[in-house]
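According to TrEMBL:
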TRANSMEM  358-389  transmembrane segment
TRANSMEM  401-424  transmembrane segment
TRANSMEM  449-473  transmembrane segment
TRANSMEM  485-506  transmembrane segment
TRANSMEM  512-530  transmembrane segment
TRANSMEM  566-587  transmembrane segment
TRANSMEM  593-616  transmembrane segment
Amino acid sequence: MSVIACDIYKLVFKREQIIPVLKNIALSQNIELVEPVVVLEGLSEISESRISKLKEEVGKIEKIINYLKSNEKEKQEVLSDKFVTNTLKDYTNLSHEVDDFAEQLDFVNKQTIKKDVSAKGDNENIIQNTKSSKLPTELLTSELVYQKLLTVENEKVSELLEELETISPINVSIFSKEKNDTELLLICVKEDAEFINNFIDQNSGLIKSIDSGESVPVNLLLDDNTNRPEEVSVEKSNLPRLKTKLKLTQLEVLYDVLMLEITAYENTKFIGEYSGDDYETKSKTYVELHAWVDKEGYGVLSRLVDSIDRGAYLQKLSTAHRSDVRTKMSNNSLIKPFEIVTEFMGIPGSKELDPSPFLAFFFVLFFGFALGDAGYGFLILTGLLYYLFTKKPQGTIREGIKLMIYCSISTIFFGAVTGGWFGVDVNVVGGTLGETLRSMKQIDLQSSIILVLILSLTAGFIQQLFGVFLEMVTYFKNGDKMGGLAGPGTWILLLLSMVLVAVSGMVPELAFIKQIQGPLLVIVLVLFAFGQGRKQKNIFLRPLIGFGSIFNITSYLSNTLSYARLLALGLATGVIASVINLIASILGGTDSVFGIIVTVLILIIGHLFNIALNVLGTFVNIIRLQLVEFFPRFYQAQGVAIEPKGYTPIYINVPENSTNFGPIHINISNLFINSQK
């Protein structure tokens, strides 16, 4: 439960090891490379050229992977070190296979597109040829036309078209062509409508169906500059199945290794000229890089030094005068989920306390009270546990789920204490279940609003006071004990004294404070004035400047009042849940099957909506209390996190000790680039 300050190291190694070193570093999430003082000349031009060629190869591989995944049903395999090494031994042949197959895919794609375009063009020609411009365009776009849409079997279309060619008043177009049927649109002026009707009567045996055709916009058919409806439905050809010796797993290896190679070349900008004492003898052979590392990152660099040449070494650099020291929170598995809340404001600096362990109790307590429905808590807990054990998420998602598990347990507890069970009044629940629920209920929110409000404000004031105490601890941590006592220490003294005086009249055991409250407050105010004005050099102005700080007490009052939202949130969940139950009973309150279905649907949808709404609202409001009311008392988030510039493999399972992973030391770009045809 502490803040760890990271160190900055200088790594010196031979020039020929640049790419292997950078690939190892790229695989670590605990190393941040730093811009060098003097960049190694000539390296950027080489890197840009190779990155361009490597990205071209990656594009081909990605295209083939997508094709194979759509045509093959291979099980996902773990790509081991041995398989990766064996794959890369055949690197040159694979490169040629990739190039050849990528060309085949491009060729087939182009042919497919041409085929589709050609088919569409042929169909448009059919339409154009079967259309005659017997009617002026102005007339066709008016309401003075008569039209019919005929559906005809494909084999009978030519016979009808031949007959239509002999009837001059009728304009005909193939409007749509399906697999078995064709739609013919017949158009003429209204005065010649009898020609269309007579034609239909004479050929009724050849026509499957007749439609008025009024929904068809005629102008779209005859206006070449307008997008027509789909005259002929052309079925898009699927890409043919091509044969290749390439395996999906091999391509996945190439993809990950090439992406790692690209990342390494992109990071060559962090390689600097050697700057040691023996510059003249080593500057042409050795290079260096600087990097921020935590404990795990240092381990990676140490193993890396051991795995390369003897001349490589690590040197720790001073961070005493740096304001950008990288920091990292270090907490056990129980507290780690609360780092998510801390990171909303930022990570702590090396001279600050990590708020995560201190907010944990308050966050869980406030969340459970604000949501306050045991039934909802059970549902949330069940869903989270199922997801946690079946999907086995990692990283931030896993920690977020653990955080919500804590909150759901707290929700169950407070829901049971306040009688919150899906908005049901436990007093009307019969049997052993009802007795059990009533025995657990200790407080009724709706009939004890004043009491609950006082408890909410009290909890808020305690957290405020705790925040001031943590500020004093921060002073102590940095060796300024007098500053801690004079600053936050006098605030604690003043606030506690005011509370004692306020409650002395209500608590018989504290009645004696009334007799000394005058002298007590005077002494406290004097100490407060001198403590708050301690930075003033003029000793006579110290109490005046310090006493002016007492007006900041309004911030404590306003922040404490913010905790009244806990009562509002707690009431909202139960009230909305009970309203959902009431609506369900009114709309579906019958014994019929329909009534039961309506009731169940309203209950399920309503309560799921209420859970989503109130979980989101509660989460946002509780985080706000921490970020706005609690954190500013002692926490400024002055830390800077490590920002690794690496690549996380998608397919390859790289061992933790990556320096023993054979493929890392292969300069892949040389192989691929040298194998280009």
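Cβ atoms are placed via backbone N, Cα and C, with glycine included.
The transmembrane segment (593-616) makes contact with the transmembrane segment (358-389), as judged by at least three Cβ pairs under 8 Å among residues 6 or more apart in sequence.
Remote same-chain partners of the transmembrane segment (566-587), defined as residues 6 or more beyond its termini with a Cβ less than 8 Å from a stretch Cβ, comprise 366, 369-373, 376, 414, 418, 420, 422-425, 445-446, 449, 452-453, 456, 459-460, 598-599, 602-603, 606-607, 610, 613-614, 617-618, 621. As a quick check, the transmembrane segment (358-389) and the transmembrane segment (512-530) miss the bar of 3 or more Cβ pairs under 8 A, pairs 6 or more apart, so the two do not touch. Here the transmembrane segment (485-506) has long-range neighbours at 461, 465, 468-469, 471-472, 475, 512-514, 517, 520-521, 524-525, 527-528, 530-532, 534, 550, 553, 556, 634, meaning same-chain residues at least 6 beyond its ends whose C-beta is under 8 angstroms from one of its own.
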